[in-house]
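Novice: The structure that follows is given in the form of structure tokens.
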């Protein structure tokens, strides 16, 4: 019964998780929160991670009831992500692996999300909508790869929402996306925004530029409220995501859809995806904020699958990479 310890710290979340044979034993997490109207810089984020990671490691061991002797493998996020935070976590993972004399595994962050989603929901072979602050992809598994059927051609949907939150000075606590979601529930008017789907791909930079340009003018003249803008932005970008996911499902003949990534815990997105799946006679699978948002357990779970399949990462290859596509990884643990 292998137990894997996973470190995640590719952006402003830092988490340490423990997974043993499909059961999450511990999953503590911290978030680096910045003032309203600002984002998070790599150096500051890395300093935050370094300050809390050892406490999280101790929390994870205590919560799981395990000791270092019970851990069989150390997994960490190799990429993609922000350089400085990735390095700060990888250094700790390498050090722990050497101190405890355990094998090391570098995990693709995107595949961590997918494997955690599959574990928690029980989805067998879904078309995956992966939506977060750094990534937006529609993915399906085929012949030992997670194939990307469509993706953003510029910024991720979560980045679009986060940057719009800065325009309106919306709080970053607990996250700008969550606060936009709550404001959108009070929106009454749909403001027409650019809708940009290009084949199987989407573009969010034009929508963001447009809404940044008109937001203050429309608010000053009383044409709409901040809640209306949040509602309109959500409805538009989520409709684009549903469209390309449905097209991928039709292409693959899939009867399952799985939403993963931080934006995936948005209830409105889940409602829109559920409607699309219902009309197709398909099933929707989604998780809550414990597992949608970046966490250590998802890296531990992907690491557990890789460990069982015989993967190991030598120290000489245990660096990080900010660009690490989902379809670069050979998925040897699936048929």
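Keep in mind that glycine also has a Cβ here, set from the backbone N, Cα and C atoms.
The annotation domain 'Gcp-like' is assigned in TrEMBL to 29-300. Sequence annotations record features per position, and here TrEMBL assigns divalent metal cation binding site to 109, 113, 130, 294. If you look up TrEMBL, you'll see 130, 131, 132, 133, 134, 162, 177, 181, 266 marked as substrate binding site.
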Novice: Going by Cα-Cα distance, which of the binding-site residues (132, 134, 177) sits nearest to residue 294 (divalent metal cation binding site)?
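Specialist: Closest candidate to residue 294 (divalent metal cation binding site), judged by Cα separation, is 132.
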Novice: Taking the domain 'Gcp-like' (29-300) alone, what is its mean pLDDT?
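Specialist: Summing pLDDT over the domain 'Gcp-like' (29-300) and dividing by its length gives 97.
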Novice: What whole-number Å value do you get for the CA-CA distance of residue 266 (substrate binding site) and residue 130 (divalent metal cation binding site)?
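Specialist: Just about 13 Å between their Cα atoms.
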Novice: Rank aside, I only need the closest one: which of the binding-site residues 132, 134, 177 has its C-alpha nearest to that of residue 113 (divalent metal cation binding site)?
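Specialist: Of all the candidates listed, 132 is nearest in space.
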Novice: Out of 109, 113, which of these binding-site residues shows the lowest number of other CB atoms within 10 Å of its CB?
Specialist: 109
Novice: Find the longest CA to CA distance in the recorded substrate-binding set 130, 131, 132, 133, 134, 162, 177, 181, 266; express it in Å as a whole number.
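Specialist: This binding site's residues have a maximal Cα-Cα distance of 18 Å.
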Novice: What whole-number Å value do you get for the CA-CA distance of residue 132 (substrate binding site) and residue 109 (divalent metal cation binding site)?
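Specialist: Their Cα atoms are separated by 11 Å.
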